[in-house]
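Taken from TrEMBL as is:
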DOMAIN    B:8-125  domain 'Response regulatory'
MOD_RES   B:Asp58  4-aspartylphosphate
Amino acid sequence: MSRDTAVDDRQLRDLLTQLKKRLEKGDLKIEEVSGLVESLAKYLPADAKTTSQDEKRLFGELDELSNIIRKMKSEIASLRPDDIKAEYIPNATDELDAIVDATAGATHEILDAMDSLEEFAASLPPEQAEVVTNATMRVYEACNFQDITGQRTTKVIKALKAIEERVEGLVTAFGAEIARYAEAHPRKAKDERKGDDALLNGPQLEGKGVSQADIDAMFN
Amino acid sequence: MSVDPNMPILIVDDYKTMLRIIRNLLRQLNFTNIEEATDGSMALRKLREKPFSLVISDWNMEPMTGLQLLKEVRADAKLKDLPFIMITAEAKTENVVMAKKAGVSNYIVKPFNAETLKGKLTTVLGDF
């Protein structure tokens with residue numbers, strides 16, 4: 001494209017002014033940067049003899065910047081942030097929720113057992129009752145852990161949600177690249193383990209595994 | 001000053017397990033008259049309904065936090081002198097400073113044991 005005309009100069013100025021304004025306002029989305037750089041690169045003179053050293057350097061930099069952005073977009077797409085958002089983070093938060101529920105349930109069971117022991121202690125001679133009471137007090141103290149682990153887990157879940165929001169931003173920004181990458185690299189089976197290894201999946205979330213009743217039915 | 005083991009105590013926590021632990025520990029320290037609330041607003045309602053001699057509250061609750069509850073208590077002419085102990089996992093200096101500024105009587109960091117609880121109760125209420 002020639003930029004010998006006043007029209008080209010004006011278009012370039014308008015483009016730069018618009019870019020400056022958007023940068024100042026902070027409303028330039030990352031997915032637009034590559035396109036803008038390419039628009040600017042269109043003003044690269046066809047005839048290198050007509051350009052100054054500064055212009056050559058500027059357009060060279062723009063060209064390089066455009067290539068870097070293209071490469072970065074392709075690398076981000078290859079990370080498959082859509083998978084992170086759709087699968088890994090929700091799975092992680094579900095597992096953490098399950099930990100909190102399981103420890104809360106276990107703690108209540110422990111406390112119920114301690115209540116029974118305390119009632120029983122009331123029927124014992126004083127010296128024996130004191131031993132039981134001291135032991136139950138230590139159990140109550142130790143059960144503090146459940147509140148603390150619950151609060152710590154909630155903090156981790158919040159951090160995961162914050163990561164999820166940022167990943168969602170990436171998925172929105174690079175949706176087209178991700179779709180192209182996914183089409184060019186069809187996903188293999190999610191779990192590539194085979195044989196006995198494929199059977200090691202750890203505890204299942206509520207409702208995901210088979211119940212003991214289901215298992216018993218298989219043996220009857 | 002002697003402490004009446006039958007004095008009414010309000011414990012506030014949105015975590016039922018914690019309410020149960022505090023209640024049991026208080027019971028083992030011979031306190032028998034214990035009521036529960038699961039958040040600041042419920043606690044405030046109870047405090048305005050009948051007299052209590054001590055509040056033991058968690059900080060991190062919704063919709064009304066323990067700190068907001070403390071401020072409401074201190075701003076209420078009838079409740080302003082009520083002993084108020086915060087039991088919380090919030091262990092940053094600024095939390096303690098803020099609670100002190102709001103007029104907390106004492107501050108216990110979770111996890112805590114019966115000895116710590118007894119020590120703070122003695123500091124706030126006197127020997128028992």
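Backbone N, Cα and C define each Cβ position, glycine as well.
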Counting by DSSP secondary structure, give me helix, strand and coil numbers for the domain 'Response regulatory' (B:8-125). 54 helix, 21 strand, 43 coil
Report, as a single number, how many Cβ atoms besides its own are within 10 Å of the Cβ of the residue listed as '4-aspartylphosphate'. 27
